[in-house]
Amino acid sequence: GIVVNGLVNISISTIEKRYELNSSRTGLISASYDIAFCILSLFVSFFGERGHKPQWLAFSAFMLGLGSLVFSLPHFTSGKYQYGAKLEDTCQISGTSSANFTCSASTVSSLSNYLYVFILGQLLLGVGGTPLYTLGTAFIDDSVPKHKSSLYIGIGYAMSLLGPAIGYVLGGQLLNIYIDIQIPERQDTTLMNQDDPRWLGAWWIAFLACFFLIWLFIIPFSCFPKHLPGTAKIQAEKISETHDDGSEGLVETKNIGKSIKDFPVALLILLKNPVFMSLILASSSEALVATGFATFLPKFIENQFGKTSSFSATLGGLVLVPAAALGQIISGILVSRCKMDCKSIIKFMIGSCSVGLVLNTVFLFGKCGNEPFAGVSETYNGTGMLYNLTASCNTNCRCLLSMYYPVCGRDKVQYFSPCFAGCTSHLFNNRKKTYHNCSCIGIPIRENHLEDFLYEAVPGKCPTQCKFLPLFLTTFFFAIIFTFMAVTPTTVAILRCVPDKQRSLALGVHSVFLRLLGTIPGPILFGFAMDNSCTLWDINECNTKGACLVYDNERMTYLLLGIS
């Protein structure tokens, strides 16, 4: 939970910038875990049903630790982060300027190839996660009375969400540490800080720590017996709620499940179960939206509300994870206390999902407009054209598109760099850099003009004027609660509507469809939506497109709402 659903998600924005990847490709990184899970799930659940489940869990811990280690490797093999050339960032009308910096073989980056290392790490994590969420859940259901099963499974799922909570908060704090630990000096001799858009946090530290932590569980899992004491008595007292199509009798009389030859028959029995398949389709559509938001919510907050990567990651975790855990615990308690049968559980799920769907409309009234950006969302003080950073006021400055260093003008408009703002000089006032003689920046209409003489532009993005963040987070928090209130009941309903000897396989089949229709396309689809709302891409000296720099907030909102 810490690694897959926590650290990976909050690191996406940083990984995009560090390794020159777009959101569609980082969406593939997130989906790789589910691809491995999907491929192995059926076989692990089929053979593990009659195997030694705790030993399978020990294997799971080994692979999860290895995957965490592999995921952190790109940091150690890609060299130090080059945050940008040490060139003058102001307008150079005459003489030698940064415009002479051209593409060469040495500047061609191969950082995007590390995509495949991240995918390998996620595939290994998927191999490790397969036994944990199929055989582990079945082991819990085997070992507790029927009416307490939903409570224990709900607690188990809630604990799996405690991991992401730790991942979001811990990882978010580590993003406050510079990626290479030692903070470099900028060309103006001041140390880089988090206000600089080129700042990248130390995303890799937590992955390395989790590698050691997860491997500590290998020996304890290996020491568990095949069945806990009292399991046989508990199994004998359980009353079947299997869908009445004769499948349970067929499984019992033909003893299906002992040989690989039985696999097609066992699979066909489950696929012909209408209740089981309906539950799968419902949970898959829900998973598509949940994983998409889990992957890109920090990035959404960062761009929609103008927050830093570390703050957005922490905030996203504080909303997503407690809400998801609370939803699963509440539903587990309600199903257990009310002693719901399979039919009542399904009705409960329909109600909770309907409320969650209505609350998702927060995107309509909690969205933010686009902040003024010269050459992107508005013209240069009435000159130039949209989607063209060059205008008459900076055409002689020979500015580089590869040098993104945004500044906020006194007119409350953001500029791509001091050069594109037409600034020819800078000063330091109490160690704070200010830019002057900026030909592109207009004079704001204010009663007090004293501020106009202090600066014309300052480094960093302009503060957002959008005040909807508290409203969005509050409503979205409750939307997540009601959405995740269906997760535990879904698992319990699946375990009830199939033959007892097919429970592990049923969870495996459920996991396959959940990933094929939900968690694999979810991050990829959301990634395409994010890329489709991009209005300004990072272009290096060799004219290669990297990560997105500026998004169309309204388009992003409508696309994500449309998917959900």
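Even glycines carry a Cβ here, placed using N, Cα and C.
According to TrEMBL, the protein has these features:
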DOMAIN    1-564  domain 'Major facilitator superfamily (MFS) profile'
DOMAIN    387-442  domain 'Kazal-like'
TRANSMEM  27-47  transmembrane segment
TRANSMEM  56-76  transmembrane segment
TRANSMEM  114-139  transmembrane segment
TRANSMEM  151-170  transmembrane segment
TRANSMEM  201-224  transmembrane segment
TRANSMEM  275-297  transmembrane segment
TRANSMEM  317-336  transmembrane segment
TRANSMEM  348-366  transmembrane segment
TRANSMEM  468-495  transmembrane segment
TRANSMEM  507-530  transmembrane segment
(request) For the domain 'Kazal-like' (387-442), jot down how many residues DSSP puts in helix, in strand and in coil. (result) 0 helix, 19 strand, 37 coil
(message) Cβ under 8 Å, sequence separation of at least 6 from the ends of the transmembrane segment (201-224): give me the contacting residues as numbers and ranges.
(response) 2-3, 7, 10-11, 14-15, 18, 54-55, 57-58, 60-62, 64-66, 68-69, 71-72, 74-76, 167, 170-171, 174-181, 309-310
(request) Quickly jot the same-chain residues contacting the transmembrane segment (507-530) by Cβ under 8 Å, restricted to those at least six beyond its ends, or write none. (result) 22-28, 30-31, 34-35, 37-38, 41-46, 130, 133-134, 137-138, 267, 270-271, 276, 279-281, 283-293, 295-296, 299, 491, 494-495, 548, 551, 556, 559-560, 563
(request) For the transmembrane segment (56-76), find every same-chain residue at least 6 residues outside the stretch whose CB is under 8 Å from a CB in it, and list them. (result) 3, 8, 19, 44, 48, 114, 117-118, 120-132, 135-136, 139, 179, 203-204, 207-208, 210-215, 217-219, 221-222, 224
(request) Using a Cβ distance cut-off of under 8 Å, indicate which of 114-139, 317-336, 348-366, 468-495 has the most pairs with the transmembrane segment (275-297). (result) 468-495
(message) Which sequence-distant residues neighbour the transmembrane segment (348-366)? Criterion: at least 6 residues beyond either end, Cβ under 8 Å.
(response) 282, 286, 327, 331, 334-335, 340, 468, 471-472, 475-476, 478-483, 485-486, 489-490, 493, 557-558, 560-561, 564
(request) Please give the average pLDDT for the domain 'Kazal-like' (387-442) in this predicted model. (result) 83
